[in-house]
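Comments concern the structure below.
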Amino acid sequence: MSQLDEETPLLRPEEQVKIKTPLPWRQLSIILFLQLTEPVTAQAIAPFAPQLIRDIGVTHGDESRVAYFVGIMYSVFYVAQALTTLQWNRLSDHVGRKPVILTGLFGISISMFLFGLSKTFGGLILSRVLCGALNGNGGVIKSMMIDVTDSSNMAQAYGFLPIPWMTGNALGPLIGGSLSHPADRFPRLFGQSTFLKTYPYFLACAGPALFTAFTWLVTYMLLQETVPTTTTLWSLVRNKCQALVHTKPPQPDRSNSDMVQGSSDDSRPLPLSALMTPRVLIVTLNYGTLALLDIALRTLIPVFYSTPVNMGGLGLDPPRIGNILAVFGIANGLIQVFFFARLHDRFGTKLVYTCGVASSVPTIIAFPTINMLSRTYGIGAAVWFAVGLQLTMSIALNMCYACAAMYIAASSPNRASLGATNGVAHTVAACVRIIGPASAMSMFSFSVRDPYCAWAVYYFMMMLGLLAIGVSFLLPRRMWTRGS
């Protein structure tokens, strides 16, 4: 029996009620508003991407090659992002989050205008590369969310993260699906516009581009910097140049070593080599497999919906695909807003994450089931029920991103290196997103061309799902702490 004295707490640590810090709503609301730009711009092109590839003539009428070129178009964005996102996130630890976010918003806006004006496949590729190269906001915004919260209210803050994604995933497909070919869809308004007849997808891209420009203004005027000590870009470049020409061999940084072991000094960003701890590597591996599975699935869904029934798809047009994805975005956001925090508090981060990636298995099985139902019964109640069930099951996969963000925050060796830690994870995610769309679309094209291998793409997707489930068991049941 343990000895008790006057210093023994009346409640055991697990019995003590932890007081939650109130959320900083002014800053948090702006951060959530910033998050809208990513889903709006990404989902706006999803409904018309297959038709756009057909219209520019790069497939020369070969329907089986549509998915292949759609995959390339998505992948080049992540090639550019993989080459730059780590540097953007590391830069945010030094010059601050706000300048990096403003640069990213500018890049998104310009690239969306260029995408709408592109008439060749090369033009589409150039606009997507520009968007990926200038946009490192994904990790930087997550770092900013961690900056304005602490361990007592971080889960509560991430519970609101689905709100912008819900809104963006609903608005993006509606904008893209409704405003593509406006001269044909709205002849009274745009029927006389030669410009919109020449560039039938410009209006669908200009809407998200203008919204991003408005977000840039809101960020510039209202967002507060969250990095406590920043340096100017010129000073950073000058210091780097001086370090390169310095003749004295570099001495080991003892303070950095101490911080990795759990020191409370959170004031200085660590070098990249000090970030490669087992915790960071485990989280990065999980985030990478999650991103690979998710991007392959999200790329496959609209292409499957647009592919003719006799070729293994569902044969829907862009407006209907946009409506389906919009409804899914609303349902996804509402379910996560009302249930994620409760599920997280009840079952813990790891179980929610593992069950989320496991939900990909029945989601993948639903693809051939939907096609079989459409062949047998036509596009009717049974097919719509199966489509709704498939998208509902996939909502659990989206919950994994909030869980992964919490693990990334906990794995960072010190608080001043949150940007770099997020950058490492997002760089790996961007790398796998290069191969995710291209590989999934290549497998789908192969499945469409060869009837004897019609299920090859679903075997491939199942392999990705099982891989993500397997590596999730490396995550700890209890969240890491920096002192442990």
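Just so you know, glycine gets a Cβ as well, placed from its N, Cα and C.
Here is what TrEMBL says about this protein:
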{"type": "COMPBIAS", "residues": "253-264", "note": "compositional bias 'Polar residues'"}
{"type": "DOMAIN", "residues": "27-479", "note": "domain 'Major facilitator superfamily (MFS) profile'"}
{"type": "REGION", "residues": "246-270", "note": "region 'Disordered'"}
{"type": "TRANSMEM", "residues": "66-88", "note": "transmembrane segment"}
{"type": "TRANSMEM", "residues": "100-118", "note": "transmembrane segment"}
{"type": "TRANSMEM", "residues": "199-223", "note": "transmembrane segment"}
{"type": "TRANSMEM", "residues": "280-301", "note": "transmembrane segment"}
{"type": "TRANSMEM", "residues": "321-339", "note": "transmembrane segment"}
{"type": "TRANSMEM", "residues": "351-370", "note": "transmembrane segment"}
{"type": "TRANSMEM", "residues": "382-409", "note": "transmembrane segment"}
{"type": "TRANSMEM", "residues": "416-436", "note": "transmembrane segment"}
{"type": "TRANSMEM", "residues": "456-475", "note": "transmembrane segment"}
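Here the transmembrane segment (199-223) has Cβ contacts under 8 Å with residues 27, 30-31, 33-34, 36-37, 40-41, 44-45, 48, 52, 55, 98, 101-102, 105-106, 108-110, 112-113, 115-117, 119, 172, 175-184, 190 of the same chain, all six or more residues outside its ends. Count of Cβ pairs under 8 Å against the transmembrane segment (66-88): among 351-370, 382-409, 416-436, the largest is for 416-436. Taken as a whole, the domain 'Major facilitator superfamily (MFS) profile' (27-479) shows an average pLDDT of 84 in this prediction.
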